[in-house]
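First comes the structure, then the notes that go with it.
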C-alpha cells in the first residue's frame, strides 16, 4: 500500500510539473503578445500625433500717423512699417517673429519731420519752421532760399520798400581792409556792399504762409523792425501781445440798453433783450414770474390742451465763438421734485423748435438731466434759436412739460 502511494505521488508531481511548464509557456507567449501590442500602439500613436503649431508673436499695431504691412505673426514672418508724408520713422522699420514668441527690433513710431532739423540755412541764416516748409532769414550780404548766394540788388519779396521809415542805412565798419556792414534786428540787407540798404523784414508776410505759425489771434500789423497785433472792435489785446479777449460791456456799464431791457454780453458787443411770455391762446395763458421765466396760469380741469402746454417757459442766452469745435455741450435741463410731492420717475427730452435744428441733438446725461449738444459747427456772425422741452412722467403717465427757449449769439471770430 505504501509502495502504491509513492508511485501515485510521483505521478502527481510529474503532472504538476507539466502543468506548471505549460502555464509558464503560455505566460511567456502572453507577455510577448502584450509587448508586441504595446509596440504597435506606440508606433500608431507616433504616426497619429500631429505636428505642434508653430509659435506666434503678439499682434502688432500700425504706429500713429503711419501704416503696417503684414498680417501674419508666426515664427520667421516679418512685419514692415512706414510713416505718412511729413513724418519720419523712429524705431525698426521691419520686425521678425522669433521662436521664443517675441519680435526683433524696437517698436516703431512716427515723428513729425522738422524741416529745420537738417540745418538747411547756410552762411549763418536763421531757419523759420512751418508745416512741411521752412524759410531762411539770411544775415547781411547773403540771400536765396537757403542763404546760398551773395546779396543781389533786388530786394526780397517780403521787404517793405515804398516807405522811408522801413529803410535804414546799414552800420558799416572797416575790419582787416574789408568793409563789414550789418542791419538792426528786424531789417534785411538789400543790395551790394557798396550801396546796400537795410530794409524792414515784414514778419506778418513771412509768418502768413500757409501752415506757418500764427503770430496774432486776429490781425498782424507790420512796423519798422518788428510787428504788433491788433484786435477787432469790442475786444482787448491780452498781456501776451497776441490774444484777444472780449470786452464785457454789460458788466462795465458800457451798454446803451434802456430801462426795461436786459443787457446780454456777446462776442465783440452786446444785445438788449426783453423776453416776452407767449400771448394767451384758448385756455392757456402765462404770467411772467421773473426776467427770464414765465409760468402757466392754472388750467381748467377739463382742458387737456392746457395741461399739455408747457408749465414753465424759461429764456437763456449764450455767446459762442465762430467755428466752435464739436461736439460741444451747450445747455442742461434737470428736474427737481417739489417738497412733499413725488418726483417724476422718467423724463423725455426733445428739440421743440427753432432755426437750424439740424445743428443740435439732445441726449440724456443721467436719469434726471438732459443735455443740448452742438454737433455741427456754426460760422458767425449769426443768431440761432433753439427750443428744448422736457416732459415729466410718473408711472408712464404724463405729468407736465417745461420749455427752454435758447438764443445763441455766434461771434464773427474764433475767440
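Cβ coordinates are placed from backbone N, Cα and C, and glycine is handled just like the others.
What TrEMBL says about this protein:
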- 55-112: domain 'Sushi' (DOMAIN)
- 83-110: disulfide bond (DISULFID)
- 112-148: domain 'EGF-like' (DOMAIN)
- 138-147: disulfide bond (DISULFID)
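The Cβ neighbour count for residue 83 (disulfide bond), using a 10 Å radius and every protein chain shown, is 22. Shown in sequence order, 63, 64, 65, 66, 83, 84, 87, 88, 89, 90 are the residues of the chain, 6+ apart in sequence, with a C-beta less than 8 angstroms from the C-beta of residue 110 (disulfide bond). Cβ-based neighbour count (10 Å, all protein chains) for residue 138 (disulfide bond) stands at 24.
Listed in sequence order, 121, 122, 123, 124, 125, 136, 138, 139 are the same-chain residues at least 6 apart in sequence whose CB falls under 8 Å from the CB of residue 147 (disulfide bond).
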